[in-house]
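Following: one structure in structure tokens, then a few remarks.
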Amino acid sequence: MPKLPNWLTDSLVLQRERQLWRQTKVLAAPQNTQMSLAGETYLSFCSNDYLGLADHPALKQALAEGALRYGAGSGSSHLVSGHLDIHDQLEQALAQWLGVERVLLFSTGYMANLAVISALGGKDCPILQDKLNHASLIDGAQLSQAPWRRYLHGNVDSAAKMMARMEQLGLLVTDGVFSMDGDIAPLSELVVLADQEHWMTMVDDAHGLGCLGDQGQGSLSLAGLKADAVTLLVGTFGKAFGTAGAFVACSQEMAEYLTQFARPYIYTTAMAPAMAAATLASLELICSAEGDQRRQRLSNNIALFKQSLPTQGVTLMASDTAIQPIVIGDSGRAMAVSAFLQQQGILCTAIRPPTVPAGSARLRITLSADHTQEDIVLLCRKLADAIDYTSGGE
Ligand SMILES: *Cc1c(COP(=O)(O)O)cnc(C)c1O
């Protein structure tokens with residue numbers, strides 16, 4: 001193969017030196033709280049499968065039946081000939097669940113965010129975002145070429161000040177639950193602010209939908225708001241839903257606008273129809289009594305984790321969600337804590353800059369409805385050992 005340029009190989013060397021090397025783990029079993037890696041079984045605290053649905057029999061059955069009925073692929077984009085009746089059923093079921101006029105499906109959350117922000121943002125529509133918004137929201141703003149700013153994390157005053165300074169009406173964008181911190185945006189206040197100033201609002205509730213609020217309707221529901229209190233609500237299926245893909249919930253008119261102008265919607269193959277079938281089964285589960293039970297187990301696990309954590313050397317963040325980060329600071333030490341836990345049979349990924357701000361490398365612990373109380377207690381005990389072990393040299 002042709003030799004690669006020096007700037008490229010140099011950047012790889014630097015990445016290793018800074019303890020920022022990223023690497024794929026190859027797992028050999030379904031996504032649940034036990035994971036199989038290189039012949040060993042681990043207790044996992046790094047999956048976003050918060051409700052334990054990724055390996056649920058009802059979803060697997062729906063996926064298999066969907067494939068037998070509709071085939072493996074959708075064959076083209078939604079607008080050409082890839083939009084099957086099962087996609088339509090899923091869109092309508094989601095719209096009904098959330099009480100909105102329309103839902104549009106996307107193949108991934110990353111693309112839904114790129115699509116919405118790049119279609120709306122522009123020189124006449126600036127974008128204002130929370131500083132800790134997900135990378136896909138930031139990338140959407142960059143793709144839109146709109147003027148854009150970031151306000152201080154979770155800070156409505158900072159958002160109001162920046163909004164006042166921006167000359168046009170624009171789009172205010174926030175995560176519902178922040179993916180690396182686990183805290184929830186001040187949605188009620190942000191919605192009031194945006195309404196007063198006649199800005200559009202967009203909430204990405206990738207980590208809230210399914211887990212929080214009435215029937216798992218997410219962080220808006222938890223804040224006492226309906227989904228149609230915001231201009232656009234983005235949800236993803238790769239987390240609590242246990243499948244893959246994403247959606248945008250909005251008005252009929254906004255859906256029409258996105259259908260005309262959102263390039264990442266137009267120029268991509270539709271989600272596999274079997275995935276839509278599995279996601280529909282997941283939605284049914286999420287709205288059912290089993291969904292309520294799973295949400296209850298998850299919140300019991302969150303409470304137990306917070307109670308059982310060692311008090312020495314551990315800084316917990318202000319999170320009441322399934323995302324419970326433990327900030328370590330230094331990237332090398334975060335890696336060492338993660339490696340120690342792995343030796344002890346526990347998988348928990350270290351998250352480093354630039355995914356999180358410099359100096360705030362952390363363990364991102366994610367809890368699931370399927371963790372047992374013993375799992376949680378064991379994690380806390382091993383975590384204390386790991387913190388002790390890696391503080392030796394300081
Ligand atoms: C995971 C995530 C996404 C991306 O969704 P995918 O379907 O995995 O591409 C978008 N936004 C937030 C906040 C996320 O956590």
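Backbone N, Cα and C atoms are what each Cβ position is placed from, and that goes for glycine too.
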TrEMBL annotation, pyridoxal 5'-phosphate site containing GLY109, TYR110, SER179, THR236 - matching residue among HIS83, HIS87, HIS153, HIS207: HIS207
Listed in TrEMBL for the substrate site shared with HIS134, THR355, one of ARG22, ARG69, ARG263: ARG22
Inter-residue C-alpha distance, HIS134 (substrate binding site) and SER179 (pyridoxal 5'-phosphate binding site) (nearest angstrom): 7
Alpha-carbon distance [ARG22 (substrate binding site); SER179 (pyridoxal 5'-phosphate binding site)] in Å: 18
Spatial neighbours of HIS207 (pyridoxal 5'-phosphate binding site) among the recorded positions ARG22, LYS239, THR355 [C-alpha, 10 Å]: LYS239
Cα-to-Cα gap, THR355 (substrate binding site) vs TYR110 (pyridoxal 5'-phosphate binding site), nearest whole Å: 15
